Amino acid sequence: MLFNFSLTMLENEANPTISKSTGLPRKRFYRARAHSNPLSDSHFPVPISPSEVDYSLHYPQLFPSNDQRDKNKKIEFADIGCGFGGLLISLSTLFPETLMIGMELRDKVTEYVKERILALRVANPGQYQNISVDRTNSMKYIPNYFEKAQLSKMFFLFPDPHFKEKNHRRRVISPHLLDEYAYALRVGGIIYTITDVEELGEWMKTCLENHPLFEALTSEELEADPAVKLLSSATEEGQKVARNEGQTFQAVYRRISAAP
């Protein structure tokens, strides 16, 4: 997609949803419920298989035509429940050669992230071309988006805690969902989780610890990983916890090979 910068600026001045000072969308026009029920039926297009994901829609400057794209260049990072896109934007410049996508269930929030990425591309030519977002339900459709061992990183930042025991089946980290994530992650790939709810933190850590295809990173590995430093600072939720001097609970695990 090509942009006429002057025309875009004029449109921004007439559009109340766009900040005149930054050119970015204003969150207050895209507010939605804090969480959605991932088990309810939602109606939005879903690719039939990973080969049907249209890279030209998500990364138009890198892939002008989906039919002629380099099939070896694939999405490697997935931000599950990406919220307002803060992590994606921070990762984009940290890993400029890596394709990444945010997966978000709420329609208004997804639209905000789309507009935010487009505005950043206009304001920073050549940058932020490696990130995108899609409205989807990652608890149902991970295999529709990613091939076996395609991903090198998956992020689960401040997910819905679903406090009631009857709703624990809605949690985005669970033993059966870890089977799907292990399928999409290559050996050596990493799952990053963080929450400010201690019980949920223990739940996610226990699920990962008990799964045969994951092992915890060492403290030295955590210290050396630049993505770990973003977990508590890149998202709106993480920044709110920091302002309130709250506590966070991380679990970062590596995909390993199955035991012989």
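Glycine too: its Cβ is placed from the backbone N, Cα and C atoms.
Residues or ranges marked as S-adenosyl-L-methionine binding site in TrEMBL: G81, E104, L105, N137, S138, L157, T235, E236, E237. Here TrEMBL flags D160 as active site.
The maximum pairwise C-alpha distance among G81, E104, L105, N137, S138, L157, T235, E236, E237, the residues recorded as binding S-adenosyl-L-methionine, is 21 Å. Separation of the C-alpha atoms of G81 (S-adenosyl-L-methionine binding site) and the residue listed as 'active site': 9 Å, rounded to the nearest whole number.
Cα of L105 (S-adenosyl-L-methionine binding site) to Cα of D160 (active site): a distance of 12 Å. Looking only at Cα atoms, D160 (active site) sits nearest to E237 among the binding-site residues S138, T235, E237. Residue density at E237 (S-adenosyl-L-methionine binding site): 20 other Cβ atoms are found within 10 A of its Cβ, drawing on all protein chains shown.
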